[in-house]
């Protein structure tokens, strides 16, 4: 977390890029009129803003974790409304090798963005980024809405299936480039998502930003799967160092945060009570502070399911640990009035609490032996599986 005065975002990303920054922002009135006093949030407004951020952060973690269980079981689950017809809808498994490289790639990307903003015009860079996240946001929000739409739309409503197919070559040399299946309900979700996208592009409204941000976070928690707890510890430990270094050691993350405009954070106005939906003094939470701990919490839920004891001990423990860690981050930030990397508090809490519970229950060995197999490797031969495991290690 960090307090940022000018600028409009606190960037973090679910893919190797920016991570872990929470920012409190003004609308830049000082740059317009130096005589105008900076807005000071009331205690009620601050409490409402940070309470809302915590609540919004919990939504994609909770529901994303539940959906991760469903999508890890089968490719098609009609009973729960999940229909995974395309490879893009299937979970992507993060191995220990991926986890070890992630902080390095994230650091390179962060520093690369820093140099871009120093060398090139901020306006044009943000224009390109806005269009990129506009497309991604529509797809993410559509995917998020799809299961809900499958539940609420009556079966009597006609639902036609479509296929978008691009191929290259002819005859035996024909190769599929794009093969995407969708139905009428997916089209309806896409139209709604496109309306939100246009609203965001034209107005940059914080509600539209949050809709995209929640969709990104939920999709990240649902579709990014850690293959075991050790991999989760490697990933969280590496990003712990990454977050502390870039927040405390340099001004790179804060500089990019003040320049980067994209729906990769959740925001809530501290002046909502005074200005309503036109409020502009935002408290922000980067999506990296949600998705990174979230995929670890989702892994623990799947571990709970694998135990077949009809309990969710590790999931609820880590979920409460996340609330504790995020609350502690906000408390320290306001106590010392200084930037705080959220993963500094979230990582020890999310790893430590479940490990202590496993020790008390005598299940520590079982916890660290739990292993998930990527869906695409389940149908491969034993020789191919062995070769894949060697490459991942």
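Note that Cβ sites are derived from N, Cα and C of the backbone, with glycine treated the same way.
Over in TrEMBL, the protein carries these features:
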REGION    1-24  region 'Disordered'
COMPBIAS  9-24  compositional bias 'Polar residues'
TRANSMEM  47-66  transmembrane segment
TRANSMEM  99-117  transmembrane segment
TRANSMEM  123-141  transmembrane segment
TRANSMEM  184-202  transmembrane segment
TRANSMEM  233-257  transmembrane segment
TRANSMEM  277-301  transmembrane segment
TRANSMEM  313-336  transmembrane segment
TRANSMEM  342-360  transmembrane segment
REGION    371-393  region 'Disordered'
COMPBIAS  373-386  compositional bias 'Acidic residues'
For the transmembrane segment (123-141), out of 99-117, 184-202, 233-257, 277-301, most C-beta pairs under 8 A are with 184-202
Cβ under 8 Å, sequence separation of at least 6 from the ends of the transmembrane segment (342-360): give me the contacting residues as numbers and ranges. 1, 19-22, 232-233, 236-237, 239-240, 242-244, 285-286, 288-289, 292-293, 296-297, 300, 313-314, 317-318, 320-322, 324-326, 328-329, 332, 366-367
Counting Cβ pairs under 8 Å that sit 6 or more residues apart, are there three or more between the transmembrane segment (277-301) and the transmembrane segment (99-117)? no
Between the stretches 47-66, 184-202, 233-257, 313-336, which one has more Cβ pairs under 8 Å with the transmembrane segment (99-117) than any other? 233-257
